[in-house]
């Protein structure tokens, strides 16, 4: 049996651009890809914190250090510049692997610069007013 678990998460990134006429995908700053262990072409889920939209697409590598989070193609109808998003990738792993898998969690600021790295998918962004759910157990 395989289990599907969170592998990577870029938490509360700010969408910098949306291009309806570009062929699908999400463009992500190469620094963020490295930090989150994401590869070009990898499947990601996008959760729009601003409006609740959820979608899946694939990664395109963006210019390193640019802070780009670009929504391309039809998804630009759902996700807009300035929206806060969570980008999540998952891995299918065996039961044994699942018990030791530690996700790569990347926290960013309003300019999509890395402000924290970790493995706790429920940890709030460092320095923010966010709180962990009182029912959540720390990783």
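Keep in mind that glycine also has a Cβ here, set from the backbone N, Cα and C atoms.
Annotated features in Swiss-Prot:
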- 25: active site, schiff-base intermediate with substrate (ACT_SITE)
- 25: pyruvic acid (Ser) (MOD_RES)
- 57, 73, 74, 75: substrate binding site (BINDING)
- 58: active site, proton donor (ACT_SITE)
- 117-139: region 'Disordered' (REGION)
Distance, residue 25 (active site, schiff-base intermediate with substrate) to residue 57 (substrate binding site) (CA atoms, angstrom): 5
Long-range Cβ neighbours of the region 'Disordered' (117-139) (under 8 Å; 6 or more residues past either end): 6, 9, 11-12, 35, 102-108
Nearest-integer angstrom distance between the alpha carbons (Cα) of residue 75 (substrate binding site) and residue 58 (active site, proton donor): 11
Structural state census, the region 'Disordered' (117-139) (DSSP three-state): 0 helix, 2 strand, 21 coil
Rounded Cα separation (Å) that holds between residue 74 (substrate binding site) and residue 58 (active site, proton donor): 13
For the substrate site built from 57, 73, 74, 75, further residues of that chain with CB within 8 A of the site's CB center: 24, 25, 26, 55, 71, 72, 76, 78
